[in-house]
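Right, I'll just put the structure down here and ask away after.
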């Protein structure tokens, strides 16, 4: 029964942590399916139009040359339709195979073979590291690790590389690449009520003001801001006020609008919308898993100033992770468990806790192992006591 409950808990944990592993390729498949449908419908309508024109021409007494020309047009449109259909189906097939490959990989976690389970855990760790590196901007390192581990089709490298191109273009103060991304994902961004495209248009207006191209800025505003309403209308009104001030003005809020730091805000906004679009969290799975693990074993003993209670085997007590775990909550422990400082073994009825006269507690088996001439030396204070002076501790 306990084994079944443990298996169920593991399965639920995987569903939570591995959600992005399946969600990202599924969204890619869905996007390609909708794009294929639009392409095929468009090309089919073109074929229908030329066929209708051919039928209309044949209803009269057409010349041979005109019929041949129309037939060539039909053949050309059919060729385009076939090519677009083949390309679309191939793209969908690639995405479907990727989804299948990831599902098969996740199924491997329930293998009865210890060696296979160990390999799967290693791959899972590598996947977490690759995603974390991609989020941190270490793209080359992430790609090399994915290639070395053979997990290129199990991580979302393509999505992050696309995001990299957009972010780099924004760092160069260019909006074209990001606007193209917004156009590719227009329907889903609209459902999300994203304001990214509007923010980009506002920034383009600001840059025209910065370059003192005020007439171009007015034309830009008429083209892109005519449908603004609500809070967006307030932003437009504020931006239009810049027309009355020079680019080097020190008057707020126009000085803030002209601040180059707005480009960094656009990068953050794009990153946020990109994660929402693919239903990813703001933190990587590696970060969440590490924080959960540290919190599960964190105790007040890990932060005692004298350092006497720190364990060399405790990750939270280590210098590298101690500071990282500081803002995390303590472990919830309904039942206390005493661990011997000497051996690291649990103190229980088979290894009862024994207290020396100086107040330090050790396991009975550990005191036996260090006893010499019926005397024991406290590892912490170096005080010497008779073994008989150790008293059994009872936990209520």
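Every residue, even glycine, has its Cβ placed from backbone N, Cα and C.
According to Swiss-Prot, the protein has these features:
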{"type": "DOMAIN", "residues": "121-153", "note": "domain 'LisH'"}
{"type": "DOMAIN", "residues": "159-216", "note": "domain 'CTLH'"}
{"type": "MOD_RES", "residues": "28", "note": "phosphothreonine"}
{"type": "REGION", "residues": "1-124", "note": "region 'Extracellular and involved in cell to cell contact'"}
{"type": "SITE", "residues": "314", "note": "site 'Essential for ubiquitin ligase activity'"}
{"type": "ZN_FING", "residues": "314-381", "note": "zinc finger"}
Reduced to three states, what secondary structure does DSSP give residue 314 (site 'Essential for ubiquitin ligase activity')?
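Assignment for residue 314 (site 'Essential for ubiquitin ligase activity') reads coil.
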Could you break down the residues of the domain 'CTLH' (159-216) into DSSP helix, strand and coil, giving a count for each?
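Here the numbers are 46 helix, 0 strand, 12 coil.
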For residue 314 (site 'Essential for ubiquitin ligase activity'), list the number of other Cβ atoms lying within 10 Å of its Cβ atom.
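So the Cβ neighbour count for residue 314 (site 'Essential for ubiquitin ligase activity') comes to 17.
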Taking DSSP as the reference, which of helix, strand or coil describes residue 28 (phosphothreonine)?
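In the DSSP reduction, residue 28 (phosphothreonine) maps to helix.
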Non-local Cβ contacts of the residue listed as 'phosphothreonine' (under 8 Å, 6 or more apart, same chain)?
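Sequence-distant Cβ neighbours: 95, 98, 159.
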So what's the mean pLDDT when you look at the domain 'LisH' (121-153)?
93
